[in-house]
């Protein structure tokens, strides 16, 4: 920070012509003040930005990636805690700055505006207060005690229960409200008891109206508390739902490809199982749990009225709980089976729909239909058994509730005949017995639902325990720009669940700006090499270096920002042509000039010019509205649009005709000047773009040298197979 302090007005300090992400810049500035260096790409990777900018609602998540904690507070400007400075202050309209100190006596504020390159300036307190939105964000460094992964995991808590625990204040209020509601529930039986035993025999109408007035007041409070309790329960569930859903999606997008699920359909089914967890943590669950302890209170009141009347209640409670517990084993077995079969059926559906053309071409409709119907029939039978056991628990609980009420009346009549009970006492005991059995019935229903939610939670636990590419709090090496040199040092790669290596002891050195072609038979490891450079997979042994730095030290997002990649199998997103070309841009903004340049290089200019919607034409799901060559051209355009330092092209012209390929070669030759380029190809026509050829076989390098030398050796058959 600059030691010299300038005095400016707020308007002079703020330049509205600058279209910067001020919140992001403020976060980076505060992080640097606390000696936490982190790139903007690392902070916002995968976060739900609005118009490409950080918002206050996700500020804390971005701060966590910088090893910081953040909390939004509503406070007057002069009431901000100076012990927690520097603080990020939110201004109107949608702007932000950093406050380092406030001098109330002089009416000055020492601030840092992000557009002034972190230079500290003094502004008028009144001017800043007029722009202040009333909200500020305290940002503090997180205490780092241990780098042990297990310690960090324990400190972070369970992904599900820690989120539930965050709402403990709401649950505390729900519990307090439940105590009051259950105490109010005693009012009606006591009202009836007094009316029958005191008002009616004595014809005390004045007492009746006093009691009635009191009970109406209690009922009004009871209604208000029930409404508040329901709103608190819904609020807690809603908060948990949003945060848990975000965590699951972030985990899914951040998975390392080594841990990618084998079946997309089964994985989708696992993610959808969160719906059952959402239903379980809803209002019925919470209210059923908090009301359960009051069964003892109602039973005690019944015992005070007459000890014999509590016996049917106790027997009913024990009977219902024993039946519900006895059904747990069967419920667990059926829930697990239902989930597994449902996941398999969903996998079959996703696979069939995504490959419908292949299904028709292979005439595989009959086989797939047979598998579908067998899975559906089995799932239907299992689901029916599960529903039967679940509903039997609820039905038995309801039957027990009515039976207990009848038994209370029978016992009560005998007690009245013997003179041990009044009519008012019997009616009050009857009402209390129903109130006591209601939470037991809810608990029995919850036990029936528990195993479905437990199975879903177990499956999601397996997802949330998988490894991710980016580790929160890890200090990555900053590489805002790269020269483009690539080295592979004794690299071996074996894919998960494979018995042989895709790459074996590969050592390659590519200089910055060098143009290299990778040749070899199918399955020799050419594409695997590209995936290693991109950081999609980590080598089983050895290291991959970019500009002499192991890529494991680089933030994966920042690494890929420097690489333009054209995959062998091109898949597009549903949306417009523009969306697909700039989809991988992260926080970068692509102007029309850059977009048109990329379209021209990729050979898409004629398509855009001839289509009435231009770059806003819809490409369809997975790019089905485009031909194979057009999809490949889109992949080329999005690889080039951000002007990367490194180009990895995997069969970039395999779907193009000769004319399109020649036009692409001509444009690429000009664009690739000064860039490192690695081309995987089987077409000899593309070799004119490179200076060097590497030949691979069975995961090993069998030839490496100047283009013309290697081509001549291949023509003469002088390059053998890998041993």
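From the backbone N, Cα and C atoms, a Cβ is placed for every residue, glycine too.
As annotated by TrEMBL, domain 'Peptidase C39' applies to 14-139.
Here TrEMBL flags 174-452 as domain 'ABC transmembrane type-1'.
The domain 'ABC transporter' feature in TrEMBL is assigned to 486-723. Taking the domain 'ABC transporter' (486-723) as a whole, pLDDT averages 86 in the prediction.
Taken from TrEMBL, the feature transmembrane segment covers 174-196 (among others).
Residues or ranges marked as transmembrane segment in TrEMBL: 208-225 (among others).
Residues or ranges marked as transmembrane segment in TrEMBL: 279-302 (among others). When Cβ-Cβ distances below 8 Å are used as the criterion, the transmembrane segment (279-302) is approached by residues 164, 171, 174-175, 178, 182, 185-186, 189, 229-230, 233-234, 236-237, 240, 309-310, 313-314, 317, 408, 429, 432-433, 435-436, 438-440, 442-443, 445-446, 449-450, 452-453 of the same chain, each at least six residues removed from its ends.
Look at TrEMBL and you will find 308-326 (among others) tagged as transmembrane segment. With a cut-off of 8 Å between Cβ atoms, the residues of this chain six or more beyond the transmembrane segment (308-326) that come close are 295, 298-299, 302, 393, 396-397, 400-401, 403-404, 407-408, 411-412, 415, 420-421, 426, 429, 433, 436-437, 440-441, 443-444, 447-448.
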Helix-strand-coil residue split for the domain 'Peptidase C39' (14-139), DSSP-based: 43 helix, 41 strand, 42 coil
